[in-house]
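**Q** My questions all concern the structure below.
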Amino acid sequence: MASSVTACQGASPYQPRNYQLEMLEASMKENIIVAMDTGSGKTHIAVLRIKAELDICPPDKLVWFLAPTVALCIQQHEVIASNLPAVRTRTLTGLDKVELWTEQSIWDAVLNGYRVIVSTHAVLADALSHGFVKMSRLALLIFDEAHHCTRRHAANKIMRDFYHPTLTKSGPGAVPRIMGLTASPVVRSNHQELLTVESNLDAVCRTPRVHRQELVKFTHRPHLQQIWYTPTDPAGFKSASQTLGALYHAWETLDIGDDPYIQRLRKSPLDDTALKKALLTGKTYCREQLRRFVDRSRHIFEELGEWAAEYYIYASIKQLGDRVRNSYMSGDWDEAEKAYLVDFLSKIPASEIQLALNDPGSFRISPKFESLLNFLDSLDEREFSGLIFVKQRATVSAMTSLLSVHPCTRERFRCAAYVGWSNGSASKDILGDLLNMQLQRDTLDDFRSGRKNLIIATDVLEEGIDISACSVVVCYDKPPNLKSFVQRRGRARRKQSTFAIMFPTDDASADVSKWQDLEQAMIEAYQDDERQLQSVSALESLDEEVMERLTVESTSAVLTADMAMAHLHHFCAVLPPQPYADMRPVFSFETNEDGLLKGTVILPSCVHPKVRRTEGRRWWRTERAAMKETAFQAYKALYEFGLVNDHLLPLTKRPELKSHDLGAMPSILETSEQYDPWIEWAYSWSSPDIHQSRIVVRMNEGRGDELCMRLMGPTYLPPLSPMTLFWNNSTTFTVTFEAAERVPLVPLSSVEDMRAITALYLKATNSRVCSSERDFTALFAPDLHHTELKGWLNAYEGCDPAMEVYSRGHNPLLMGVVRDHSRYGEPFLFRKWLVSDQNPSCSVVELECAPFPHRRNLLHRQRLANSQVDVDEETPESAAKNPIVAADACTIDRLPFTMAIFGLFISAIVERLETELIATRLRETILRDVGFKSTDHIITAISTPFAHALTNYQRYEFLGDSILKFSVSCQLFFQHPNWHEGYLSEGRAMIVQNPRLAKAALDTGLDAYIVTKRIASRKWSAPLISEKLERVPAKRQMSTKVLADVVEALIGAAYMDGGHATAQACIRRLLPEINLHAVDTRTATRSVAPESARHMMNERLKDHIGYTFEDESLLVEALTHPSCDYDSTTQSYQRLEYLGDAVLDMVIVSAIFNHPIQRPQGDMTKIKHAVVNANLLAFLCMESATSEEKLDVAQTSKDSFAVTTSQESVELWRFMRYRGQNLNAARDASLARHRALRDEIASSLLHAPHYPWHALSRLNADKFFSDIVESVLGAIFVDSGGDLAPCEVFVERIGLMAYLRRILDQEIDVRHPRSVAQQLAKTNIQFVLQRVPNEEGGASYQCSVRIEQAELFVVTGCLTAEEAEVTAAVEAIKFLTRDEGSTPLNTS
């Protein structure tokens, strides 16, 4: 059947090696046979070659990978599919019954949509011979175990019958490129055959030439050991084993005339010829079954001994009986043949074998097997992993059983059998084949994982099959040829491993050096380095002087060739570290006709493509000199490209990234005093240009009478927005201001009257003794003409004794404020008169009053029983009993309280006017070029939280922070196309850090306009002209953070006022170095994508993203992981990921901020952090998939097939371009956790009232999953010319916006479990993390939870520190809420 595996299980750690890149480059220039030792990474070179070919070939071309066995096809397909997850690949083997596909339509359907096919040689040879596949459709042919391409092998048939004729007829453009892979190009110990293999494959044999030392470093040759044994007498079996002797006697005396086949032929006169042939040859189906069974039994006796032979005979007879009883057999075998075989074997005295024997002497074994046991017993390895090669399949099953039960081995070895997937003649055998093919499916995985540590196998495991490096390999029989010797030895590739060969004591050809000598002769045929090793060593000892020199005039810094290597390595060492990527420079060399060398160096993929690859300029005799000169040229190019400063050092943590020297800025700074607009008003009264505004006060939104007043000032009055004042929980006052108008010719007397009226209002509502000064800067009066003010003042100024008011029968609704002089004039509100008639001659008059309201800050709603009541506010005594006061001790103000109440509003109005004047001044001075339409947003941005104003900057600071980060990121990205992500991140950090923003506030004078004064305090007093004229300028203390916050808040305010354009103008005013308008987003330097990018980045991906790129190189770059070192023309995605991170922040923050439900800054910050959480982005990346149709072939009857269709999901992560088995393993581990947690996380995102912190922490996805989302987002932003709209579409497409809307609409709880636990504990709760190393060199994490230094519990066995902390917090929540009905956080 076809294999469609997408993950390579148990992949061993793998890192890019120079010699593999060398072989890749060689294969791109010509057809080659890669000849390297087993385990040195030939398959990974093939994977790189496939990637490169898919990048350049048309999309209708195929890459065809050929392997000699089905098992090897399955394994190699797993490796290819794991490394090319976005490419559709499949296997075609006999398991698919390919030999029955006899129609072109079937082949067309099978190959439709696939780019890489893995098959045996015979499958492709047959397909080519029948014309189902054309040679012209193949782009690349890869021959694994290429030494098979000789004589009549199917591999050679492909080349001889199809490749070479097509090449001769149509030229090289009509045939595929060729790559061969082999560890032993000479099969039969004849090194001359190398030339034949090269000719047949139209390729030249290559081993890594320059990097031979690296190849040796990674390839471990085992210790070679001989195991001698005394051979068994072949004729001794008759007397040694009763069961085997009886079987052999029964076979020798078998009468062919009793065979059912012979009897059937005798009954039919038409079958006379067949009868004569059968009698002459003695071959019938039953006799062949018995003959092979007897031969195998004898072989097992000779190889393993009597016990194994008897076990094999007994187990085979039992198996046959079970099959007959279960109707297992089918086909042409009739009932008579069944009965005949069963009857024959029933006469053999085979008794049941005892397996649980403790005495080694009970196991009658052969001298050969005893030698093997002695050898195995001599091994002293804690981590044993071994492989035993035997000749026959029957020996595999018998030896596996014997080793599994023998007392000397059963406790030490965990054995498994492996014979591959091609049944061969065993498919016709129903007797003596004890191996269950299904049981070996997991054998290799079990061996890799350590569940099995010893495999007994036939030669199927010689070639190609990827098994873990073994510490011991035993050849139970001599290798038949040099190829087997090399291949088997290559399996023992652990350090200090052993390769053992068993020899009989009478073998004259046991000289192991025979194979070693032949192998050395073969190597010398294609490896110049080995033949010329001494001359090369002599050359390298030469002292070649490299005279290159670079001097920087401005600093006198000098770079010489001798220093260049150290400088270049240092430059790479300080690049942003990346897991799975080698950050070292990679050197390679080319040789000219004179044997001279020229170097090339390739830097890590985060470096810009223009300077990533540098070639030397001269030819040298030694590698050392070539490396020096190449390193010099590379570092010189980095300097000229702006990645190294004038001191010839990398820019990281250097002044080049610091636009301002901030030094060590303290956290608290001395700043200008808050700008006081009343000072200017005080001076303006000397020659006033009087303006006034009509004020209308309405109670409860207009239900009731209006109170109309006037506000007068000596200069222009800015427009004031309506104000809502909260009297109590049921009463509000709305204060509106009409447009101010200029009032000419106001007499001085009228101004004085207004001063007196203002003082009257302020005194009427104040229990404190008021100042006698009346030179107020802002004046208030009733809405009367100025000529009427004197009469009004005479009517309402002063007070009357309460008894006098009582005697006049004054209207209670027009009563003024009651003042009790027995209590030092304490004010009360009149309720009613109380008259006592107990003494008729002298009635007692009293007043029932209400307490005078203490609240002064009417801008905020009254907060009853709230622990957060302001310190200067008291909870009203509305529930207290109304006080009774004596009338003769009281006076009552003439100004009715219905009018006097306005005095309580004056402080709020004056404070509001003051803030408006500050904002207006700021708008007209520092921010005059920004283009604010009004001051409303400015007021919010400059009001600090401790001013207790109606609004403060916190929400705008949240918005402005993201806008600033976004703007700075864009500016640096487009302005510095040569900078890698490390420089960009550091440059951004320098600009957006609090000290830089605080300095911007100080440099522009913004600090003076930050409102910190407490609004509407009970100690408030009206500003006076005399005080303001005498005011001495002072300083105030302010934190660096407040200054920075206001800068960010103003940026947010500008965005709210006029969108991105106004925000950019504000940034430009406060931070002159950021001018995004001057940057052309269309001219950013981009990587040069390979021509083939359009083929790899097919329509599936474009549909997936939902955006069509004008410049597809951006998409290629967005999907290029830093480990992708094989493509030096494309930069890794780190720059785009850096930009996409800021774009994502901007998209998310805008959605949060503009939601109808306004949330405080803290809640918005929590939501943002939850939504852009890397694990959530990674989960959505894993979930983001498009569906496409997949064609396949299904068998409908014995000989017919039909095309079937199905849907296949293609996830976004599959398109990432990378290299490395360690990344594969990490990716597959993340995907396995995703499969385990998917339902839980998906359900939480759709239905849970809480954010799935716990499940996401257990997901622990590798960072590259979330990086892909951000890098694609950055690519869309760049390609669209800086348009956020298509970015929002992509964020919507992956499902992030839908979840954000659910969080906002349904108020999902996004608090982190640690925060919830800390709130519940109401005391000091500690989470103590600890890394716990394990024996394998890894580590797990544990977290202990402590309250008041007492340990509650410990969570252990977590994959990461984050998972440990979150799990511990969840358990703490359960503990702290154990007595409650529910918990505040979902702990599932």
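Placement of Cβ uses the backbone N, Cα and C atoms for every residue, glycine included.
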**Q** According to Swiss-Prot, Asp1267, Glu1270 bind Mg(2+); which of Glu1110, Glu1112, Glu1117, Glu1137 is also listed for that site?
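**A** For the Mg(2+) site that includes Asp1267, Glu1270, Swiss-Prot also lists Glu1137.
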**Q** Write down the single range among 144-147, 608-611, 1084-1087 that appears in Swiss-Prot as motif 'DEAH box'.
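**A** Matching range for motif 'DEAH box': 144-147.
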**Q** I'm trying to understand the geometry here, so how far is the Cα atom of Asp1267 (Mg(2+) binding site) from the Cα atom of Thr43 (ATP binding site), in Å to the nearest whole number?
**A** 28
**Q** Can you tell which of the recorded positions Glu1137, Lys1263, Glu1270 lies nearest to Ser40 (ATP binding site) in space, using Cα positions?
**A** Lys1263
**Q** I need the nearest neighbour of Asp37 (ATP binding site) among the recorded positions Glu1137, Lys1263, Glu1270, using C-alpha distances.
**A** Lys1263
**Q** If we check Cα distances from Thr43 (ATP binding site), which of the recorded positions Glu1137, Lys1263, Glu1270 wins as closest?
**A** Lys1263
**Q** Of all the binding-site residues given, Ser40, Thr43, which residue's CB has the most CB neighbours within 10 A?
**A** Ser40
**Q** Of Glu1137, Lys1263, Glu1270, which is closest to Gly41 (ATP binding site) if I measure between C-alpha atoms? They're all recorded positions.
**A** Lys1263
**Q** I'd like the number of other C-beta atoms within 10 A of the C-beta of Lys42 (ATP binding site), please.
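**A** Around Lys42 (ATP binding site), other Cβ atoms within 10 Å: 24.
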**Q** Can you tell me whether DSSP puts Lys1263 (site 'Important for activity') in helix, strand or coil?
**A** helix
**Q** Measure from the CA atom of Lys1263 (site 'Important for activity') to the CA atom of Thr38 (ATP binding site) and give the result in Å, rounded to a whole number.
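**A** Computed Cα spacing between Thr38 (ATP binding site) and Lys1263 (site 'Important for activity') is 33 Å.
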**Q** Consider the recorded positions Glu1137, Lys1263, Glu1270 and say which one has the Cα lying nearest the Cα of Lys42 (ATP binding site).
**A** Lys1263
**Q** Taking the Cβ of Lys1263 (site 'Important for activity') as the centre, count every other Cβ atom within 10 Å, in any protein chain shown.
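**A** Around Lys1263 (site 'Important for activity'), other Cβ atoms within 10 Å: 16.
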**Q** Excluding near sequence neighbours, so keeping only residues 6 or more apart in the same chain, what lies with its CB under 8 A of Glu1270 (Mg(2+) binding site)?
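**A** Set apart from Glu1270 (Mg(2+) binding site) by at least 6 residues yet with Cβ under 8 Å, we have Leu1136, Glu1137, Gly1140, Asp1141, Val1143, Leu1144, Leu1177.
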